[in-house]
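*Asks:* The following block contains the structure, expressed as structure tokens.
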């Protein structure tokens, strides 16, 4: 067993001797703890430092990275497809779905991590692995004991918003549908309850649960399964939606009102107290099988912590791309290799000259090459001018309307 490999991860890896088909998903025995030990040994430590620094400035990064990881892996596998701004095939990328869109948090953190690691070890560390490491580090920063992450994933070369509708959990789903979706991805009903515990941190915009506090049914304005005092407080936090309201400006409410910045079992206690925020949260105590799991985890935090780590590792092994000839290691997480050249070619000549003055080129030629260190190992953080943070050289084409995908984010009621 590798020196720092936890026993339950070793058992998980050993259980799959070859390529194992589970449901419609593939769990692949080909990932390795310490995968970058020779090619980029400092990668995991550097990524962890960057994630911790970002979270220190914004606690919302922690739940954002965990959610980003789950949203990536659940659709086409852990291939970093959710990070792509554009698809070579011209498809509307996953991140533009209303299940993602402006609600995605942590993209900038991944950009910084990739840029830093790429400067240290060009072409070695995939965006898919960076996202898996970052999600683990975000969970640890929120209070979870550290667990190992096996690596060796390669990055996908496609991303399509049309992959989400009908294949992704939404806030209005109930346990039968949630269980079905998880089963299709090789995940159990227990995994569903475990991973829902990530809602111990983070929150949801009011429009994701407004159907529970306004016009719930013909007989009740408020969902009767909600604690009355909690429902009253939610209505104070979330005024009724108006026709011209901008969803991006909608207030946000924490999932866990007790310890909203710590990954713990308070989430399950809140569910049992009828203070689950989303329909999909509350559904876990309405179903007798999942309720028993909720009650068990609510009183046994060490058990939940261990099983949550295992579930995250299980998610990280779904439909991964491994080995030469499968996917690629992107230079930029937002673009498939080769697209960055197209972007540069389309930049105005004046802009290219402004970015690299002739005198600067001469100075660079005279100076010997030195290895690039991460910014936090230098006295001063160098200015980062990432290509995707500059004004785009050409207007992006408007994405087409997608009425089916617009339902995914729970804007409408009636999902069962």
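Every residue gets a Cβ built from N, Cα and C, even glycine.
Unlike curated entries, TrEMBL annotations are predicted automatically.
These numbers come from a predicted model, not from an experiment.
According to TrEMBL, the record shows the following:
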- 1-25: signal peptide (SIGNAL)
- 30-337: domain 'Plant heme peroxidase family profile' (DOMAIN)
- 40-121: disulfide bond (DISULFID)
- 67: site 'Transition state stabilizer' (SITE)
- 71: active site, proton acceptor (ACT_SITE)
- 72, 77, 79, 81, 94: Ca(2+) 1 binding site (BINDING)
- 73-78: disulfide bond (DISULFID)
- 127-333: disulfide bond (DISULFID)
- 169: substrate binding site (BINDING)
- 199: heme b binding site (BINDING)
- 206-238: disulfide bond (DISULFID)
- 256, 259, 264: Ca(2+) 2 binding site (BINDING)
- 338-378: region 'Disordered' (REGION)
- 350-365: compositional bias 'Acidic residues' (COMPBIAS)
- 367-378: compositional bias 'Low complexity' (COMPBIAS)
*Asks:* Which one of these binding-site residues, 72, 79, 264, has the sparsest Cβ neighbourhood, judged by other Cβ atoms within 10 angstroms?
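*Replies:* Lowest Cβ count within 10 Å among the binding-site residues (72, 79, 264) is 264.
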*Asks:* When you measure from the Cβ of residue 71 (active site, proton acceptor), which residues in the chain that are at least 6 apart have a Cβ under 8 Å away?
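*Replies:* 82, 94, 99, 100, 104, 168 - these are the non-local Cβ neighbours of residue 71 (active site, proton acceptor), listed in sequence order.
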*Asks:* I want the residues beyond 72, 77, 79, 81, 94 whose C-beta is within 8 angstroms of the mean position of the Ca(2+) 1 site's C-beta atoms, in chain order.
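*Replies:* Counting only non-site residues, the set is 73, 75, 76, 78, 80, 82, 128, 156, 159.
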*Asks:* Once 256, 259, 264 are set aside, which residues in the chain still have Cβ within 8 Å of the Cβ centroid of the Ca(2+) 2 site?
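*Replies:* Near the Ca(2+) 2 site, the remaining chain residues are 200, 201, 258, 260, 261, 262, 263, 265, 266, 267.
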*Asks:* Which one is it: of the recorded positions 67, 73, 79, 81, whose Cα lies the shortest distance from the Cα of residue 259 (Ca(2+) 2 binding site)?
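*Replies:* Of all the candidates listed, 67 is nearest in space.
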*Asks:* Out of 121, 169, 264, 333, give those recorded positions positioned within 10 angstroms of residue 73 (disulfide bond), comparing C-alpha atoms, in sequence order.
*Replies:* none
*Asks:* Would you pick out, from the recorded positions 67, 199, the residue whose Cβ has the largest number of other Cβ atoms within 10 Å?
*Replies:* 199
*Asks:* Please compute the mean pLDDT of the model over the domain 'Plant heme peroxidase family profile' (30-337).
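*Replies:* That region's mean pLDDT is 94.
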*Asks:* Cα-Cα separation of residue 264 (Ca(2+) 2 binding site) and residue 72 (Ca(2+) 1 binding site), in Å?
*Replies:* 23
*Asks:* How many whole Å apart are the CA atoms of residue 77 (Ca(2+) 1 binding site) and residue 127 (disulfide bond)?
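*Replies:* Computed Cα spacing between residue 77 (Ca(2+) 1 binding site) and residue 127 (disulfide bond) is 13 Å.
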*Asks:* For residue 40 (disulfide bond), what residues in its own chain, 6 or more apart in sequence, show a Cβ-Cβ distance under 8 Å?
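*Replies:* Residue 40 (disulfide bond) has long-range Cβ partners 117, 120, 121, 124, 125.
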*Asks:* Taking Cα atoms as reference points, which of the binding-site residues 79, 81, 169, 199 is nearest to residue 238 (disulfide bond)?
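*Replies:* That would be 199, nearest by Cα distance.
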*Asks:* Roughly how many angstrom lie between the C-alpha atoms of residue 78 (disulfide bond) and residue 72 (Ca(2+) 1 binding site)?
*Replies:* 6
*Asks:* Please identify, among the binding-site residues 72, 79, 256, the one with the smallest Cα-Cα distance to residue 169 (substrate binding site).
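*Replies:* Minimum Cα distance from residue 169 (substrate binding site) across 72, 79, 256 lands on 72.
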*Asks:* Rounded to the nearest angstrom, how far is the Cα of residue 199 (heme b binding site) from the Cα of residue 67 (site 'Transition state stabilizer')?
*Replies:* 10
